[in-house]
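*Asks:* Sharing a structure with you now.
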């Protein structure tokens, strides 16, 4: 599962890189297209869809995938957003180490291993902060969408990103799971998770690091909107595997 969660974004990033080399996508837009196509809404949208399609077992599998995909998003995603290929390795590593989410992941891992006691007040505070993060992301996404202008969008680039996220991604996932020694249910969950829209959190990376935030926000919006149509086709196909 960890291998799949890390491998899928890497393959999509590699595909966008090849498309850029073939001049099929603008080189200057390479980071924003990578961000908007490689990182998936595996949690807030993926998990409920898995619960609907496969029941509690599918939901549990989705949460495991979400955990490892979040790690990929907070490492590879930040590397791409900060223009890692254009700066030295030391500077890139320092950027990753300074990112607050990575601090939280490391602390959570240490806490899980050591299992020290936690007071109810601290737990409730952390839970409250965690619950507000989704609303904060949605607010930022809405603010960014409000500034977008349809006339400023590159529809060829937008269409390419949407197709990569909603159509090409599950096809790549299907090819990957054929080589993984996992159960049929795991394969189905992996493929269906790959068909989810762009992660809303990616819009925050695009805003913070100025990677065409209007474009990334637009891809997030349209993939979320259109996924309702594509999933109606993909879910029955996956269930027939």
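Even glycines carry a Cβ here, placed using N, Cα and C.
OK, TrEMBL features for this one:
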| type | residues | note |
| --- | --- | --- |
| TRANSMEM | 6-26 | transmembrane segment |
| TRANSMEM | 33-55 | transmembrane segment |
| TRANSMEM | 61-81 | transmembrane segment |
| TRANSMEM | 93-114 | transmembrane segment |
| TRANSMEM | 126-146 | transmembrane segment |
| TRANSMEM | 158-179 | transmembrane segment |
| TRANSMEM | 185-207 | transmembrane segment |
| TRANSMEM | 219-239 | transmembrane segment |
*Asks:* Are the transmembrane segment (158-179) and the transmembrane segment (33-55) close enough to be called in contact, which here means at least 3 C-beta pairs under 8 A that are separated by 6 or more residues?
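*Replies:* They are in contact.
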*Asks:* Do any residues, 6 or more residues outside the transmembrane segment (93-114), come within under 8 Å Cβ-to-Cβ of it, and if so which ones?
*Replies:* 70-71, 74-75, 78-79, 82, 84
